[in-house]
Amino acid sequence: MSMTLFASVTRPGLPGPTALRFPETRHLFHSVTAFAASFSPSKSSVGSSQCNATTPPAEYKEYTGNDLAKTTVDGIEKDIHSNKGLSDKTRELVMSIRSILRTMEEGEISMSPYDTAWVAMVEDIDGGGGPHFPSTLDWISSNQLADGSWGDPIFLVYDRLINTFACVIALTSWKMHPDKCDKAISFIRENMYKLDDEKEERMPIGFEMTFPPLVEKAKRLNINFPDDSPGLRKIYAQRDLKFKRIPWDKMHTVPTTLLYSLEGMALEADVLDWQKLLKLQSPDGSLFYSPASTAFALQQTGDHNCLQYLLKLVQTFNGGVPNLYPLDLYERSWAVDRLQRLGISRFFEPQIEECMKYVHRYWSNKNGVYAARHSDIQDIDDTSMGFRVLRLNGFDVSPDAFKQFEDDDGEFLCFIGQTNHSVSATYNLYRASQVMFPGEEILQRAKKFSTKFLQDKRAENELLDKWVITKDLPGEVGYALDVPWYASLPRVEARFYIEQYGGEDVAWIGKVLFRAPNVNNDNYLELAKLDYNDCQALHQHEWKNIQQWYKSCGLRGFGLGEESLLLAYYIAAASVFEPEKSGERLAWAKTAALVKTITSQKLTKDQKHDFIREFEQGSILENANGGRCGTSNKLVETIFTTVHKMSLETSSRDIHHQLLHAWRKWVVAWEVGGDGDAELFVQTLNLTGGSSEPTPFCHPKYQQLLEVTTRICHQLRKSTVKEIQVESDMQELVKLVVTKSSGDLDSDIKQKFLTIARSFYYAAHCSTEAIGFHIVKVLFERLV
């Protein structure tokens, strides 16, 4: 049993866990019924620990005989009316987040005890003999943890030891707080052995360079601790190996990532040519935006620009300093990405536009971006994220920025000269490659590399990242691999990402662990959950109403099963989910249901001709009788009645005749075996969407979009179509939708073409079991 909304095809060529085909809907309906009926709040954690995007958990079993309507709509009105209090909370959260986005400056970031200690170790450059930044020592003394250590709330041995060594050295150097030093030394003694077993993937950036100098400093200060553990010896060996690989001439002449960890060369300071290195300073006076590296440079040179950078930080953060600053581009790009993936970006469109304008101002089509503006060094992580969010928000960016990261073997490195790969950075490269345009070969190669890398890591159960400790990175990667962006419906993606997003519990791995509160924010998560549940309650109410429409029209008597009705409504709700788009959503679902009903009639050629004659006659009679078609054909009458109500309920202008014209084109194509479904759905969405443009249908770009979308959806029905052709057409459609030009169509109108194409792709890509699981999660399983 297949639904004409999509195709019943089997094509092993296209990627995914199953061949592209439409699911058998009766099996799907029984599965959804069972899971919806068996769901309870105690099972709300289902899917949070793994992707589950295409394979439901063990709790999902097939049963028969349950009444889906009864199990899912009881108490819906009560839920809707009880959300009045949540609306106030939603409004409060929206205003709070808008304030965050409007006031973004250099970037919000947690303090680094390690970097603060390096700044605290700087002696008065005027020769006073004391610390030049005494407030840093106050910060250190005020931020010691109960166990005697310094560091992030997440206990990571690398992080706690490097922070604690640095802080106890700073305090001991200035003979301050001996009691705090004693507690810190006790912590070090008790935890040094844990270096032996810590996972290397959790080792902070440059740890093998930055930790040994602290160990040697501590020894010179007669701080006693065990220094013969296998883990420590291994770190020293890694340092020796890295030193042998350092291109000393290059690091003195061009900016490299070594500038970020210059303090790690404190034991070999005599090999550093500061006259050359200071020429590589960032415009703000820092060494690659690192307070610790800049503090070491200030110790060695007394440079005025280094001093000014550190003075600004100490004053800005009241004595503490972060491990990286500024991070203005990173904060804006990542925050926008999080809001979009959580499904709440519509509340912040003006603020997102400003964030994107800011990032685009510093974007280089040749080099990409780094976390901070004006950087002479770029990385693939920030470049990938910046590229994706800029392109999806309509900004002109070139993929040439990725060329510098590709090596001779076709692998993509995060930094030029890097020797190992990051899961999260490669994941973001993969996500950037998803939005490629036709002919962008560098992105095609990036997609090939990143797909294989991530698939291999998943197969080996090695989706542990060296740059971030997040709630469910394996789930994020799994979803992206299993559900390609072309097939990812907005509400499905939001549902999974809300469960994967860690909020303020996420820690990033720099030289120490750090937090980015404007990227990982509990308010984002709370708003996403509230909004999701509010939308879901409305969707459940609509599902009840569309069932009543189905019964009143007698569509069951024409062979339309309730399973097909559910699938039609789910696809519409998962694609066009916003409360204010209820009319569009219902119009799409009803149109799809009617199309399914008509095409399942198995009519002869003559019967089809009679149907069209009734349709044409009904149009004439409707015009003559003021809206009453007067036809004897029940299905034709249902079309006219439904179209009439759509026109009354969903638009500020009269769209009745335009909707009927769209239907007329469809029935004419249907009579001769044509395929006009996609065009009918697009026209229905755009007409019921209340476009401010009364006649966009004559626009040249509208016709282009319609042609490509129709071709894509038609291909997804053919069993012989090549994957490369579908991908090429999807790339062309994405380009038409996201690029802007003078005299262009409204972006909301263009997006509807992509919405329809992605819905066809989704239905062809995902298995019956997966779609059933998604229906439950999107429509019936409440977020807690």
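Heads up, the Cβ atoms here are built off N, Cα and C, so glycines get one too.
According to DSSP, K466 (substrate binding site) sits in a coil region rather than a helix or strand. Applying an 8 A CB threshold to same-chain residues 6+ apart, the list for K466 (substrate binding site) reads E201, R202, M203, N420, S422, V423, I509. Taken from Swiss-Prot, the feature substrate binding site applies to K242, K466, supported by similarity to another entry.
Per Swiss-Prot, Mg(2+) binding site is recorded for D379, D381, and the stated evidence type is similarity to another entry. DSSP assigns D381 (Mg(2+) binding site) to a helix in the three-state reduction. Neighbour density for D381 (Mg(2+) binding site): within 10 A of its CB lie 26 other CB atoms from the protein chains shown.
When averaged over the motif 'DXDD motif' (379-382), pLDDT in the model lands at 96. According to Swiss-Prot, the motif 'DXDD motif' annotation covers 379-382, on the basis of similarity to another entry.
The transit peptide feature in Swiss-Prot is assigned to 1-57; the stated evidence is sequence analysis.
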State the Cα to Cα distance, in Å, between D381 (Mg(2+) binding site) and K242 (substrate binding site), rounded to an integer.
23
Euclidean distance between Cα atoms of D379 (Mg(2+) binding site) and K242 (substrate binding site), Å
20
Just to verify: the residue among K242, D379 with the fewest other Cβ atoms within 10 Å, which of the binding-site residues is it?
K242
